[in-house]
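Over in Swiss-Prot, the protein carries these features:
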CARBOHYD  66  N-linked glycosylation site
CARBOHYD  302  N-linked glycosylation site
CARBOHYD  328  N-linked glycosylation site
TOPO_DOM  1-8  topological domain 'Cytoplasmic'
TOPO_DOM  26-366  topological domain 'Lumenal'
TRANSMEM  9-25  transmembrane segment
């Protein structure tokens, strides 16, 4: 055999290097796609916009309780189709939207909303979940699951690829780990936010004429609850004594607050809320068919006083700050407590003031 020349040895070495590089690239390429990553991950293009619902964390991934998920993945990691039946009023559908988004991400599924929910929420918020076409809805082999109003362990491991949720979930235990993402989904459209801020900028304290330093949104739920709570649930709504105590709580802790009152019973509020101190403004229009003006006003305040109901919950959740709520508003034997857990409904840092249940005891007397 003829000995190899120096030139031949160099060429052979270069060939081995080229083949090794090609083999290494192919290995990385195949391994990346085996784990669900596309070329956009290997060579990220900042012009590509990934839908928020694509964020999904594997079980056990640590998550900050007040930020969005820290571990976004490519949308290809999601599969199936999940939606939720839109039911109830404005606050109910906000709870359904947030719960669908959170559970779908937790289970690695794609979330879609139905047209009725889009109609209710899209005029108010910059929601991003896509809408499921009616013809797709009717042809999809759904499994249906009715949720109760608190997060349960089984909801973290739902294997159904085509799932239609229902119920009235409105508990922070479903979605609080995604708080910033939820707040982003429920960002007001500019014209609503600006209109609410214009209203607040015009407010002055009655006695001094000074500008308020603290805005406290007050939502007083009345309407159908006046009958539903005592007759069906052995419960009460917030009365004037509760509202006075809640306002005094803020007066003792915040300088120069103004209380911005909204309600679906504004006439009752004007007659029963003491405005003699000059720090109460009856700002709500009370229009139940178009609640977004009142809602926008509440979310632009610094703090919240709520009575009962999902409308007040969401106003407080989005406003941030301090929240005072009506606590223990049913009798201990109320059937309502089978579907409602106070510890799952109100954030731990919120402040509860016990309701006056004496009207219920009077009704119970023979």
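Glycine too: its Cβ is placed from the backbone N, Cα and C atoms.
Cβ neighbour density within 10 Å is lowest for 328 among the glycosylation sites 302, 328. Reported as a whole number, the C-alpha separation between residue 328 (N-linked glycosylation site) and residue 302 (N-linked glycosylation site) equals 25 Å. In the three-state DSSP classification, residue 302 (N-linked glycosylation site) falls within coil.
On the 0 to 100 pLDDT scale, the topological domain 'Lumenal' (26-366) averages 86 in the predicted structure. Under the three-state DSSP scheme, residue 328 (N-linked glycosylation site) falls in the coil class.
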